[in-house]
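Chemist: One structure follows; several queries about it will come next.
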Amino acid sequence: MGKVTGIAGRFGARYGSSVRKKWKEIMEKRYQDHQCPVCKTTGKVVRIASGVWYCKKCGAKWAGLAYTPY
């Protein structure tokens, strides 16, 4: 049975293990379900640009962090 590498598995043996682990943590935070600060709905928030987040339900748009909305 092989290792479970997750989202960073696409890099294979390249770039070093510590860089891949840090990148994996950041990307997992980015793609998890986030809650809208306006309508409090979870799972409808998407990133439309670096630091710009949008709620598909209520249409709210706000500036957040690069990989997380708050």
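Yeah, the Cβs are placed from backbone N, Cα and C, and that goes for glycine too.
Marked as zinc finger by Swiss-Prot: 36-58. Here Swiss-Prot flags Cys36, Cys39, Cys55, Cys58 as Zn(2+) binding site, drawing on sequence analysis.
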Chemist: Using a Cβ cut-off under 8 Å and a sequence separation of 6 or more, which residues in the same chain sit near Cys58 (Zn(2+) binding site)?
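Modeler: Spatial neighbours, sequence-distant, of Cys58 (Zn(2+) binding site): Cys36, Val38, Cys39, Thr41.
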Chemist: For the zinc finger (36-58), what is the mean per-residue pLDDT, to the nearest integer?
Modeler: 97
Chemist: What number of additional C-beta atoms lies within 10 angstroms of the C-beta atom of Cys36 (Zn(2+) binding site)?
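Modeler: A 10 Å sphere around the Cβ of Cys36 (Zn(2+) binding site) contains 21 other Cβ atoms.
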